[in-house]
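Asks: Got a structure for you, written out below as structure tokens; questions coming shortly.
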Amino acid sequence: MTMKMKMLSSTEYRLWNLVSLFSNLCLFVLMPFAYFFLESEGFAGSKKGIRARILETFVMLFLLALLILGIVWVASALIDNDAASMESLYDLWEFYLPYLYSCISLMGGLLLLMCTPVGLSRMFTVMGLLLVKPTILEDLDEQIYCIHLQEEALQRRLNGSTSHVYTRGSFAHQLNNELDNIRNQRNKLERRKKASGWEKNLLYPIVMLSLLAGTTISVLLVALNILYLLVDETAMPKGSTDRGIGNTSLSTFGVAQAVLEIILMFYLMVSSVVGFYSLRVFEGLTPRKDDTTMTTIIGCCVSILVLSSALPVMSRTLGITRFDLLGDFGRFNWLGNFYIVLSYNMLFAVVTTLCLVRKFTSAVREELLKALGLDKLQLSNSPTDPESGKLSANGHQKTL
């Protein structure tokens with residue numbers, strides 16, 4: 001039995017190291033090759049064609065590799081000015097690639113620290129848009145009838161505006177936008193009307209409670225990990241060199257805890273992607289139907305690769321799991337720094353809690369602003385309500 005466990009452990013670590021290896025290959029070779037090949041046209045004076053573009057791409061990749069090698073070498077010399085560490089950089093496979101992967105994972109971990117708390121709060125809004133909300137004291141037929149009347153009125157105004165030469169410009173464009181908003185509202189109401197009873201009254205509360213439970217458990221695990229870090233040195237997420245899988249259980253509650261950890265890691269992964277595209281800095285990378293360039297697709301692939309490569313590091317650092325998810329590529333020096341790990345855990349817990357509090361108190365804050373009359377100060381800068389600024393037939397704005 002012990003021999004079988006050792007063989008299983010060795011096979012598992014080999015497979016995980018292959019995953020890390022191909023992640024490095026995609027991130028440092030294939031993605032840059034795709035971008036440079038897309039931008040290349042061939043050297044000046046050479047015959048245009050695929051060969052010239054491939055040659056230019058390989059030259060650019062070689063120069064990029066030299067640039068990255070030099071940057072990492074200089075960074076290592078500045079941080080750890082030791083002859084042994086300088087000589088170890090010449091060992092490409094045993095030291096340089098894991099060191100480079102450590103830098104990428106550190107940047108990815110910081111990116112996850114920004115994206116995941118935002119994504120955890122944003123998941124409630126996303127699932128609220130995808131699912132059908134319960135119908136409580138609402139007359140959907142009356143709302144659909146009112147929407148139909150508004151749609152017909154806008155259609156008549158749009159037909160009347162196109163007959164006049166002087167009103168065909170921005171006014172007709174704004175009417176088209178309002179008509180699209182009205183139609184979207186009608187489609188949502190019709191979908192809510194056609195939804196079954198279990199979808200409206202059972203599925204929505206279950207999903208929302210599951211999201212709330214997953215977020216709460218994640219924050220509690222991080223809080224417990226902070227306590228462990230303060231009292232126990234073994235809680236530090238150093239790369240484990242012990243491959244004794246099966247000798248001792250890494251989960252206190254056995255299979256149930258292992259399944260919970262897997263679910264939480266998948267939940268954090270989805271939340272990080274949602275939070276990534278919710279940040280204003282990365283809104284330009286959001287894929288759009290029939291309007292996504294190849295450069296944007298490459299940028300999305302690189303972003304997902306960086307996030308996925310840092311997810312095992314974040315899960316181990318936050319104490320979501322005790323299993324060593326890092327393999328041979330987990331020899332990260334910064335994971336042994338107590339202050340960095342403690343600050344990472346505290347920032348994650350505090351920022352996630354603040355995002356959730358801001359999310360669930362937004363309705364109360366809006367009502368308070370309305371009661372104090374401060375909401376009128378933001379009307380000029382808030383384009384959220386399509387009904388707030390309609391134009392009349394002569395082009396002047398209506399005050400409702």
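Glycine is treated like the rest: Cβ placed from N, Cα and C.
Where the annotation comes from TrEMBL, it is an automatic prediction and has not been curated.
Feature table excerpt (TrEMBL):
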- 15-38: transmembrane segment (TRANSMEM)
- 58-79: transmembrane segment (TRANSMEM)
- 99-120: transmembrane segment (TRANSMEM)
- 202-231: transmembrane segment (TRANSMEM)
- 258-282: transmembrane segment (TRANSMEM)
- 294-314: transmembrane segment (TRANSMEM)
- 334-357: transmembrane segment (TRANSMEM)
Asks: Report the listed stretch (15-38, 58-79, 202-231, 334-357) having the maximum count of Cβ pairs within less than 8 Å of the transmembrane segment (294-314).
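Replies: Ranking 15-38, 58-79, 202-231, 334-357 by Cβ pairs under 8 Å to the transmembrane segment (294-314) puts 15-38 first.
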Asks: Given pairs 6 or more apart, does the transmembrane segment (202-231) have at least three Cβ pairs under 8 Å with the transmembrane segment (334-357)?
Replies: yes
Asks: Restricting to CB pairs under 8 Å, which listed stretch, 15-38, 58-79, 258-282, 334-357, is in contact most with the transmembrane segment (99-120)?
Replies: 258-282
